[in-house]
């Protein structure tokens, strides 16, 4: 055994490892092919510049990078837990869409250049990718602690021992990363759930209250909230019992691939339906804004087609984190718009009183329209599974979800009642159209709400595009190294966007009926049919629970069939 002693200190740095001079891609055996981080990796490895524990590969390769990482971990052990702000850069909320309904919607071509990949990857991802080979050459342990200034050249037996040690270190790294996956506090989970449920659907409720009647609508929302919460819990309990992560995979495990296809089809239909409804909503607000502010009158179809030019380039985005800025602005605009809706409707009631002469407690002719709209508002089921999977204390998920359902139900009922009480039978499908058109505040809210939905619509389309793309294209087909594959995927994404816009065109003149149809036909199965069906299959020894599951299943199927048929009939006539 030959031992070469290198000087311990006082060097000029020329004898130090030169990681920065050698590409990361040369480490490991990948045949020269480096793949970008997938969405599933981004959940675990999302870079956080405000957390010293999450150093990038570039930072780790720098001088004393391992040492700084070790000190940071040591400080963590001594001083306690580092605050976890899952939505700090708003990117981690978007990664939930990469796991929509628990499906792994991974993308292998997220980054355009190798430089971007090097800068975005964190050190643990890099170490796992390259088998921690760098540690052997750098004389560092799992956290980067410098172990010795001696480089030891050993015989073949020593080399085998090193390989075993590296495998053990790799296993420890994998266990460490598995623990990191569940790092969302209960408070953060509540905020994420609120963001999932409170969206544009709340602005459709005032007109929906007119369609159903104020008493029927209130009772119906309370009923929907209760049954929806129960079905959400059924889904989570069944997923946990079976031991799968995805909604579609759950159906496949219990009933075979055909039901997985059915579940994923419902998700695709609902997401495309949401995107189409949002497109009509945006077009309606833009039409009103330009008419009243600039005296420019264009048809609704014109404003729908204008959005096509905006959605097409965004639909080609491979890295969902690139939508973080648009999604953050959209949420801020939605919040401002909702505050203004509450303010002006309450102000109108204060000055003009309640429109009791035109309000009805039950609308015998259009009540079925309300049911679909009510289901439409509870559109957050796709994010329940990834949020549950990310929680540090999964046992807190049920009370957190119950609290969120209670809060959003209060928001839905109060918004619908206040706006319907203010304008009565004259309430518009888009409530903002009831506000004074000569008011600068109304015009501003119409614009920012239109922009908010315009910016968030690509996020609604993303799960549908990825599910369809994974179904149509071969699993290993990557556009990163094959231009033909990439352009085929681009054409396909553009085609999906075009389909959504065409659907929006069809439903443009009857937005309330269109929203109701989406809720009845696409959303009811996801909430009221599949969860009790799966629960019935798994918990077959509990006859009482099975009876409840069967009752909800039959109820969901009947409501879906009847309300969908009635909505189409009302639309035609």
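Cβ coordinates come from backbone N, Cα and C, glycine included.
TrEMBL labels come from automatic prediction, so no person has curated them.
Positions annotated as compositional bias 'Low complexity' by TrEMBL: 165-175. The domain 'Amino acid transporter transmembrane' annotation in TrEMBL covers 183-568. Annotation source TrEMBL lists region 'Disordered' at 1-31, 104-124, 150-182. Under the heading transmembrane segment, TrEMBL lists 189-209, 215-236, 261-281, 293-311, 323-343, 367-388, 400-423, 443-465, 490-508, 514-530, 550-572.
Tertiary proximity for the transmembrane segment (215-236) is limited to same-chain residues at least six positions away from its ends with a CB under 8 Å from its CB atoms, namely 205, 208-209, 247, 361-363, 367, 370-371, 374-375, 378, 381, 384-385, 388, 397-398, 401-402, 405-406, 408-409, 412-413, 416-417, 527-528, 530-532, 534-535, 549, 552. Long-range contacts of the transmembrane segment (261-281) within the same chain: residues 100-101, 103, 200, 203, 247-248, 250-251, 300, 304, 307, 376, 379, 382, 430, 450, 453, 456-457, 460-461, 463-464, 467-468, 471, 496, 499-501, 503-504, 507-508, 511, 514-515, 517-518, 521-523, 525-526, 530, each at least 6 residues beyond the stretch ends and with a Cβ under 8 Å from a Cβ of the stretch. Residues 227, 230-231, 366, 368-369, 371-372, 510, 513-514, 516-517, 520-521, 524-525, 527-529, 532-533, 536 of the same chain lie 6+ residues outside the transmembrane segment (550-572) yet bring a C-beta within less than 8 angstroms of a C-beta in it.
Within the chain carrying the transmembrane segment (293-311), a Cβ under 8 angstroms from the stretch's Cβ atoms is held by residues 279-280, 282-284, 286-287, 443, 454, 457-458, 461, 497-498, 500-501, 504-505, 508-509, all 6 or more beyond its ends.
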